[in-house]
């Protein structure tokens, strides 16, 4: 379940400069001006919405200091507050050469701010600031080439999400070779001196068959894309290249959460929906969308669903907007479909509990990001807009709690929901826009890192 925190974290903290991968925090902007209360630190752009401050110092003696940003010519009133590294909007405490990562509020990016400061709200005094350069080239995920080789190895263009994360869309491999592995190394092409990369489930077993599956891979240990020149599929036993792609040097990509010293759980939300089923929902708001991950112990042929109540003040199934997700335990393919709950009955025509596309064409608002079966847990990660894009959707609010609904049950012969066997009871509320809080058990495998082969 190590994959769990990673996949949601991708949506939150993504991050190159020339100082090398061992100490890489993003695009260097410059130092905070030293004006009051010993404020100092080196500021980096992590991505469009994220700043990292290296060795941040503040004596904690100001009466009401906050992180603050704005678009006026000079630092002053009329800006907006930025939550601290814990997601709190409280008065700043003392910092002594601490590394901190800050996320701008929803709707704000480095494109539309001109300065960032440590600001005393009570006396409207600037304790220290930095100007954000116009047209700053902040790190962002980068597309590289696609895989094409023997044993039907193919993919769409690979995305380097951050310095330790690769997204391989529509990956295929026939599974017929005895010892195929994901493989990286120095130089432009594979060799026996390369390093195994764990698969999307964190394992280094010989690869099984894949049929146009989108997968997310994490480079092992401290390895980063700045240390390697290629990625591909390699038969370790017979030293055969099944297909590879070169990784350009000095990619302007975000650092990983690990490189920022951020525990994934500290940036994510998690709530237990059912102890008996180990059913959890994990989420992170990212810009105008939310990335949600559902985790549960399901039998083959069962689905898990999660979404918004049909009413705005209490939890009710009818009228609900939910995502129905599952992993086929035979093929290991994952699914996430947008549903509108017109009634408690199975879908018949356009009535009942139906996928949105059965009711009205082009209304699917859910994007499947990844799915995996790990140690008996079904894990499905998807993305959806915060706003309602059509009459079958409900908006996700980020300024207050709202009622949610969930269920677990069997799929019917059309791979659509039949009546649920377990469901939420009473009113259940979630504040999607809250400061990140992890109210779930910490997965044991989240604390371990795979090692190079």
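Keep in mind that glycine also has a Cβ here, set from the backbone N, Cα and C atoms.
Listed features, source TrEMBL:
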- 26-133: domain 'DM13' (DOMAIN)
- 141-248: domain 'DM13' (DOMAIN)
- 277-409: domain 'DOMON' (DOMAIN)
- 1-20: signal peptide (SIGNAL)
So, by DSSP, how many helix, strand and coil residues make up the domain 'DM13' (26-133)? 3 helix, 53 strand, 52 coil
With DSSP, how much of the domain 'DM13' (141-248) is helix, how much strand and how much coil, in residues? 3 helix, 48 strand, 57 coil
What is the pLDDT of the domain 'DOMON' (277-409) when averaged and given as a whole number? 87
